[in-house]
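Q: Okay, handing you the structure first.
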Amino acid sequence: MGYSPSDVVKLIQEKDIKFIDFRFTDTKGKEQHVSVPGHVIEEDTFTEGKAFDGSSIAGWKGINESDMILLPDPDSAVLDPFMDETTLLLRCDVIEPATGQGYERDPRSVAKRAEIYLKSTGIADTSFFGPEFFVFDSVTWNIDMSGCAYKVDAEEAAWNSGKEYESGNMGHRLGVKGGYFPVPPVDSAQDLRSAMCLAMEEMGLKVEVHHHEVATAGQHEIGVGFNTLTPRRMRCKILKYVVHNVAAVRQTATFMPKPVVGDNGSGMHVHQSLGKDGKNIFAGDLYGGLSEIALYYIGGIIKHAKAVNALTNPSTNSYKRLVPHFEAPVLLAYSAKNRSASIRIPYVNSPKARRIEVRFPDSTANPYLAFSAMLMAGLDGIQNKIHPATAMDKNLYDLPAEEQANIPGVAASLEEALRALEADHDFLMKGGVFSESWLEGYLDVKWAEVQTLRVTTHPVEFQMYYSL
């Protein structure tokens, strides 16, 4: 990328770009957009921005103070491969007109403040993330006064092994927890994932790997390579956009953590490391080849994990994944290579690649907020020398109950995570990265989600209680 405003204007002219799509991210992490004709974009657009109504975005402005500005980032310019008309995407900061500064509740502005705070420490941040997702052939749901229900289906799902198809049932299906990772024809989505990866590469991402994941019914993972803080979050948005749109040709993709009952859920494993003066300061001669700084970083994440869960696992559905027996990282421990721990130290060939993998996040997270929160927790651990105690090299899933009781766990529900965030958020406020205004708006949005589920009768309640 590396575009300047003049580069973007030149690109619009050279490529005869018809439309510019201004994109920004709301509190929940969903991208929003507004399009303008390409010919109206001038260099001044990148300093003056475009006005919009902020009162329509949940958790933001009231109608009495709704004017806001979208300020496009020229360095984010990328052609959209899915639009019929030639369209250039520009991701935007949301600006407060009264101050000319990034809006306190704008997730992208939060991420930029985190980057500024990180630079003030003289440290750099890199990461690799691997989101998991499902691709279904169909999905339906219904919620009204007469009842509620949902239904997902995928031809490759284990439950379709006895289904009659017009062209015949060819078998070759994945069993429950059997998706990791046989070759085609059992893996029926090799070409689909390849098409996704090619589109991601076209949009500037560096794809590291793709494969079928553990669950039946079309669970997959695509890993995207290391990069610095703000571009990483932008790449996460591109990845989700590509997955949704490539799948939408004939199917439907979801990043919900637990759309299928009885099989593994989908996470977003985030690999992180810190560097200073060109050196990886996570590399050392302590446990797992880590430095003392890396251990303190882990200690900060473990200490603040339940509050961080409110941002890394911000949906009620997140906690249907974070339960025992489905390879979910529910215990706050760290270990070299051990995937049952919530923080893993992967094997690497060189100390330059030394990193940690935080395994509890999922892709309902707003990446601008989630990655910033993990960073702030880790930096707090370094600043306060929070040691994470002894590493756990045992299979944590097989520990007796009395041993498990001595290991802290992630939040068990969104409600618990929000309570933790209410009580433990000072580490987020350092350097003005997050603010009390942001916290108020975020909690309003998320408590409303908790309340929606709380007052909605669930079908399984009929199974448990109808005949009592």
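Glycine is treated like the rest: Cβ placed from N, Cα and C.
Bear in mind that the values here come from a model prediction, so they are computed numbers and not experimental data.
In case it's useful when we look at the structure, here is the feature table from Swiss-Prot:
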type	residues	note
BINDING	E132, E213, E221	Mg(2+) 2 binding site
BINDING	E208, H271, Q272, S273, R339, R344, K352	ATP binding site
BINDING	H269, E357	Mg(2+) 1 binding site
DOMAIN	15-100	domain 'GS beta-grasp'
DOMAIN	107-468	domain 'GS catalytic'
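Have a look at these and tell me how they're positioned relative to everything else.
A: E213 (Mg(2+) 2 binding site) falls outside any helix or strand according to DSSP and counts as coil.
In the three-state DSSP scheme, K352 (ATP binding site) falls into the helix class. Other Cβ atoms within 10 Å of the Cβ of K352 (ATP binding site), summed over all protein chains shown, number 12.
According to DSSP, E357 (Mg(2+) 1 binding site) sits within a strand segment. All protein chains included, E357 (Mg(2+) 1 binding site) registers 21 other Cβ atoms within 10 Å of its own Cβ.
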Q: By a simple count of other Cβ atoms within 10 Å, which of H271, R339, R344, the binding-site residues in the record, is least packed?
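A: Counting other Cβ atoms within 10 Å of each of the binding-site residues H271, R339, R344 gives the minimum at R339.
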Q: Can you tell me which of the binding-site residues E132, E213, R339 is spatially closest to H269 (Mg(2+) 1 binding site)? Compare CA atoms only.
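A: Result: the closest of the binding-site residues to H269 (Mg(2+) 1 binding site) is E132.
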Q: Among the binding-site residues E208, E221, point out the residue whose Cβ has the most other Cβ atoms within 10 Å, with all shown protein chains included in the count.
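A: That would be E221, with the most Cβ atoms nearby.
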Q: Show, in sequence order, which residues other than E132, E213, E221 on the same chain lie with their Cβ within 8 Å of the centre of the Cβ atoms of the Mg(2+) 2 site.
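A: Here the nearby residues are G130, P131, F133, H211, H212, V214, Q219, H220, I222, S266, G267.
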Q: Suppose you look only at the domain 'GS beta-grasp' (15-100); what would the mean pLDDT be?
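A: Its mean pLDDT is 91.
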Q: To the nearest whole angstrom, what is the C-alpha distance linking H271 (ATP binding site) and E357 (Mg(2+) 1 binding site)?
A: 4
Q: Mind checking how the domain 'GS beta-grasp' (15-100) divides into helix, strand and coil residues in DSSP?
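A: Helix (H, G, I), strand (E, B), coil: 16 helix, 36 strand, 34 coil.
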Q: Please report the Cα separation of K352 (ATP binding site) and E221 (Mg(2+) 2 binding site) in Å, rounded to an integer.
A: 25
